[in-house]
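These features come from TrEMBL:
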DOMAIN    23-294  domain 'Sugar phosphate transporter'
TRANSMEM  14-35  transmembrane segment
TRANSMEM  41-61  transmembrane segment
TRANSMEM  77-95  transmembrane segment
TRANSMEM  101-118  transmembrane segment
TRANSMEM  153-175  transmembrane segment
TRANSMEM  187-206  transmembrane segment
TRANSMEM  221-245  transmembrane segment
TRANSMEM  252-272  transmembrane segment
TRANSMEM  278-297  transmembrane segment
Amino acid sequence: MADRLFSLSANKRIVSGLLVNLLSSICIVFINKWIYVHYGFPNMTLTLVHFVVTWLGLYICQRMDVFSPKSLPVRRIVWLALSFCGFVAFTNLSLQNNSIGTYQLAKAMTTPVIILIQTTYYKKTFSTKIKLTLVPITLGVILNSYYDVRFNLLGTVFAALGVLVTSLYQVWVGAKQHELQVNSMQLLYYQAPLSSGFLLCIVPVFEPLTGDGGIFGPWSLPALVTVLFSGVVAFLVNLSIYWIIGNTSAVTYNMFGHFKFCITLIGGYLLFHDPLSLNQALGILCTLAGILSYTHFKLMEQEEGKSRLTQRP
């Protein structure tokens, strides 16, 4: 009975974490879009602001005794911080050098690459049923984006590097929490300032520092307030990502990412009357079918695992 209550409580916490991530992720998409359209604030600089505000938020949390920082050697998390910077840089380069369809198709490859990395280097096993759920999800993404898929050498290189580095980053977010015996807040507390420092070094390569559109440009007060507010929302997004991956897995977080993509498309159609073709509608249904199948098989495997544990003498 106690095990069932604990399991129910854990599932409620996971659902709550997913809900926080869903709402904050949708919110930040619209806030960022507003910032880009109305103020022209640079993309990577905004990411830098988000991570600085995330660290400040965690600093306030630890001062309020929400969590206790754990001393971590920088060398143990430096690759995690660098992989985040690579993920931001290559994702932006992929978007700049590819069509939206190619960019989305490349992003869909993150889930199988994560499974490959975890199987090869972390000796984690995935059942055939779980692997097969990737088929309708990938098919759904292709149906949503095939009309705009165009390949070029430079764009393909950046897309491939983006998928690889993003996959490594998400795998390491979960692996480091278990390896260093820290929770999501403790790990992010150290990674956020490190990543901010690295991002500060690469931002000048991609974006201006001064003048119009530069980080130290003449921004209006409403622009600065909106950017700061987006940083607060980003704090919730970043923290919930770390929490979800640490308490479930990088694959589960990716599946949830596909779900958010479908919700965004449906929301755009219902709220803003964005065009939605028959192929896109079929793509959404295929993706949702894959996500539901993954959830069903994952819950079945968890129940089977619990049953085997309770049957042991």
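Glycine is no exception: its Cβ is also placed from the backbone N, Cα and C atoms.
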The transmembrane segment (41-61) in contact with the transmembrane segment (153-175), cutoff 8 A, at least 3 CB pairs, sep 6+: no
For the transmembrane segment (101-118), distant same-chain residues with Cβ under 8 A (at least six beyond the ends): 94-95, 124, 126, 131, 134, 137-138, 141-142, 144-151, 155, 159-160, 162-164, 166-168, 170-171, 250-251, 254-255, 258, 261
Positions on the same chain near the transmembrane segment (153-175), where near means CB under 8 A and six or more residues out: 79-80, 83-84, 86-87, 90-91, 93-94, 97-98, 102-103, 106-107, 109-110, 113-114, 117-118, 122, 187, 241-242, 245-246, 249-250, 253-254
Candidates 77-95, 187-206, 221-245; stretch with most C-beta pairs under 8 Å toward the transmembrane segment (14-35): 221-245
